[in-house]
Amino acid sequence: MQKILPRFVLGVLACFGAHAMAATANRMILPDDVLPEAYRIAITPHADQATFDGTVEIDVQVRRRTDRIVLDSADLAIAGATLDAGTAAPSIALDAGRERATFTFAHAIPLGRHTLRIVYSGKINDQASGLFKLQHATPQGPVTSLYTMFEDSDARRFVPSWDEPARRATFDLTVTVPAELMAVGNMPIASSEALPGNLKRVRFATTPKMSTYLLFFGLGDFERVHREVAGVDVGVIVKRGDTAQAAYALDAAARILPYYNAWFGTPYPLPKLDMVAGAGGSVTFGAMENWGAIFYFERDLLIDDKLASQEDKHRVFETIAHEVAHQWFGDLVTMAWWDDLWLNEGFASWMEVKATQELHPEWAGWPQVAARKQQALDIDARRGTHPVIMRIDDVTQTEGAFDTITYAKGSQVVRTLEATMGDDAFRDGVRRYIAAHAYGNTVTDDLWRSLDAHAARPVRAIARDLTLQPGVPLIVERDARCVDGRTVATLSQQQFSVGAPRVAQWHAPVALQVLGGGSARAVIAGAAPQRVSVDGCGPLVINAGQASYLRVRYSDAGLAALAQRFPQLSADDRLGLLADTQALALAGQLPMGAWLGLMRQVPAQQDPLVIRMLIDQLTDLDNLHAGLPSRPAFRVFARGLLAPIFASVGWQPAEGEAGDIATLRVELILALGTFDDAAVVAEAQRRFERFQADHASLQGDALDAVLKVIAIRADARAWETLHALAKAAPTELEKARYYELLGYAHDPDLAQRALTLAVSGEPPETIAGRLLRSIGVTHPAATLDFVSAHWAAVEPLFGDGAGATIAARFFDTGADRAMLPKLDAFVAAHVPAATRGRIVKNAALIGYRATVRDERLPQAGRWIATQ
């Protein structure tokens, strides 16, 4: 991680180039004296033996004289190799630790083009790494399907290769497979030839030059639904019998693809775009953007209209929008190395919201995903955060980069720059970047150059501040007063921190709005206070529209004025004020009463998104009260805020109501059920009893709401009923839903039963991991104890990197310092040293939540008692 000095931008402008060269020099990458141009791969999988045979011919360009060729290779048995026709076979040395194969020849290889042919075999994995298998149940027994997952560096488990993003090449893939199965690749099938033994040889068309991690192969008893969209064959591939669940995804892709063609100014370049569904789900990823053949777990692609809530449909649409955006940002133009991963993930995370806002305006775009921004701001303010551009010397370090900072903060960086430049100028800059670097690799500065070419004022200083240093800018209002018909305020900046060192400064762009008056923009830079002036007199909104990545601390008078006129703020600004006030109160920079009092300003007829944030905030506070004698009083306060809102929404949908009301109804029912609202609990139980007799009586959002209340409040009888529903579920989507609900129970005895069930072998592995995660949300300490004591049974559910996955994702709701030494012991035992960095964030969060529990909750309790 680069050390940032307080005068950050001056230092970066002076040394960024030197830093980039030093970082490149330290990378653990292959020699560049020999580089690939084209791969011709032939694979024969043996699913029943969990192995495959392969050959590859690689056209290479020898750039400097050498007697050896070094490739990435992991878990592959190499039988032999030749270079060109008739040459002596090289000696072959495998380095399992570095995942490399070295082919050494008797004499130096002449400069120019050669063909390296390798014969090898590999294994089919149980987890999503390399070539892997998924199983699903059918009346005839379990059925196996095969897929590949190569990001970030697992193509080397499929083919010896230059498994680095900058080493682009073309790929010709040929597979020999059972005749009755469907084979899927990045490109359309070029030929299919029948072979003896009920086999066929399928050859796919040649790909464009691309990175190894984007290669894809799938095989199974599949069906495909498709349509032509803007000259592209768009398809959804599902296991046999599931085509009805693919309709929503196909419709979504048919809307998203033309929008992206127009927005990027470069049409999607491949002849087909498939979306391939794999059974179950994962706690680590939902989809992978393989060029022309995107892989999704079913829960992130398929929609069962009888089960799906509005939230499910929104989530699936955004997931599709994210992955299709990668076909440009990531596939057509690819980052040169993993420290610029945010160019892929941050941009796709921004684009998914951009597309959703355009194609589903009723979902409200950025306000809908305000919680993601808050999560990034929260993490970025604590110990263990990292810059968006995270220095990575070895691919073993990339696991820590696939996180909230890269995705959510990265998307907010993009949003900040779009708001600063204006929509059209920003889009033109991106179009310039895509056109200039198509079929190539880039670093972040390439994007800044393209944006600056279209910006009225250069944005590079703003962009570099946000990407090259960690942390959160805090804009502080010193005062605001009316002077000659204008609001004049003094603003300064600090670093908002809850335990991290306060050393950074930013060029922070802010939009300013006087309620009932004018607006202005300013860039707050350096340590000195700055005066700003806006037409009109009235309460001043700082970061109006909430597009910039920062927090705001108002003066006491400024906060009071905005609280009094809370309903008059835009939805974005209501969300921002609630979130900033929460963060400052929990950090001890505002009284808890200021935050709790602001909650009371949310009226019953408020925007659904604002109410959903209120629910999230109350739920988080309730979790912090777990086991404390103050919890009943807090729940009375929470019910008092939410019950009047629910009274205006009710159990029954109104004719023609918006989809966001349906989602809000689910969240209100769940929250009130959690907060011991007797009427809501009784009605949920009544509806569940009827559902057991007639499954058609509850569907969609209503079913979602009732099942969640029953699950969290379950006694042994209700839990067993849900368990029976899980075992009897006719589809993988339904089965996954019920098993995950078994982890919601607040009863600690039922949590133990669910933990035992997760490793029993009964739930499929792709479901068992999500069941464990759902238990960890409500019972983090018990889950940590269980996985530590039953590691041999837990580890196979997650495969390679299981310890890091669990330690980073399963315990972040904990608020008990007694967990910390146990977490340290777990990490020492099960997480390799190279991947421990991201665990620091979780430990910091547990410690922070413990501090809030000890120091802030008593203050909140005293305030509630006076109301």
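Cβ coordinates are placed from backbone N, Cα and C, and glycine is handled just like the others.
Unlike curated entries, TrEMBL annotations are predicted automatically.
Per TrEMBL, the feature active site, proton acceptor maps to GLU323. All protein chains considered, the CB of GLU323 (active site, proton acceptor) has 27 other CB atoms within 10 Å.
Secondary structure at HIS326 (Zn(2+) binding site), as computed by DSSP, is helix. Here TrEMBL flags HIS322, HIS326, GLU345 as Zn(2+) binding site.
The domain 'Aminopeptidase N-like N-terminal' annotation in TrEMBL covers 36-214.
For the domain 'ERAP1-like C-terminal' (541-843), the mean pLDDT of the prediction comes to 92. Residues or ranges marked as domain 'ERAP1-like C-terminal' in TrEMBL: 541-843.
Counting Cβ atoms from all protein chains shown, TYR407 (site 'Transition state stabilizer') has 24 others lying within 10 Å of its own Cβ. Feature annotation from TrEMBL assigns site 'Transition state stabilizer' to TYR407.
For the recorded site, GLU345 (Zn(2+) binding site), the DSSP three-state label reads helix. Non-local neighbourhood of HIS322 (Zn(2+) binding site): ALA287, ALA348, SER349, MET351, GLU352, each in the same chain, at least six residues away, with C-beta under 8 Å from its C-beta. Counted within 10 Å of its Cβ, the other Cβ atoms near HIS326 (Zn(2+) binding site) come to 24, all protein chains included. Compute the center of the Cβ atoms of HIS322, HIS326, GLU345, which mark the site for Zn(2+); besides them, the chain residues with Cβ within 8 Å of that center are GLU289, GLU323, ALA325, PHE329, GLY330, ASN344, PHE347, ALA348, SER349, MET351, GLU352.
Summarising the environment of GLU345 (Zn(2+) binding site), the number of other Cβ atoms within 10 Å of its Cβ, over all protein chains shown, is 24.
You'll find the Cα of GLU323 (active site, proton acceptor) roughly 9 Å from the Cα of GLU345 (Zn(2+) binding site). In this structure the C-alpha atoms belonging to HIS326 (Zn(2+) binding site) and TYR407 (site 'Transition state stabilizer') are separated by 13 Å.
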